[in-house]
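What Swiss-Prot records for this protein:
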| type | residues | note |
| --- | --- | --- |
| REGION | 133-163 | region 'Disordered' |
| SIGNAL | 1-21 | signal peptide |
| TOPO_DOM | 22-100 | topological domain 'Extracellular' |
| TOPO_DOM | 122-175 | topological domain 'Cytoplasmic' |
| TRANSMEM | 101-121 | transmembrane segment |
Amino acid sequence: MRCEVPLPLLGLLLCVVGAAAQGGQEEFAVEISGTTVTITCPSSGDDVKWKPDPKMVVNNKYIIQNHDSSPLTVSCTAGDEEHTMYLNAKVCANCEELDTFTVVGIIAADLLITLGVLILVYYFSKNKKGQSRAAAGSRPRAQKMRRPPPVPNPDYEPIRKGQRDVYAGLEHRGF
């Protein structure tokens, strides 16, 4: 019972300290367009050195053309500061990025169209219930004719009223 109050307080303290520790770190800027990945170093300056391949640098930005979606560790050094990033970007040539508003709009439009079709089907089927027209080439139907009962199968012998055999009738037997 004594640990109920300190545990939430300890959790809050850990969140505040963790956020303060992460707040000082600068982040890489990553842009993905088709199969091209452009990475900008968080350190500003003209003497930024990139690893693993310093040849892929244009205007202090590390540009990977035709990236094959394989994981890659990229690091940049500006002066005495070194920043390292693990890049695991999935890229494709014909991909399009959709924002949340577009996806929600597509789903809402689909639901509205479906609801409209349901309402149309309901109203059109409601009006057709009582209407029944005879087709052009059909003849009027007569009342259902009664058929005679089917002929009994000659393979089975009918049960006679006076017969008292074991299988002559249905009897209740207790097991």
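Using N, Cα and C of the backbone, Cβ positions are placed for all residues, glycine too.
The model shown is predicted, which means the values in this text are computed figures rather than measured ones.
On the 0 to 100 pLDDT scale, the model's mean across the topological domain 'Extracellular' (22-100) is 82.
With DSSP states grouped into helix (H, G, I), strand (E, B) and coil, the topological domain 'Extracellular' (22-100) comes out at 6 helix, 34 strand, 39 coil.
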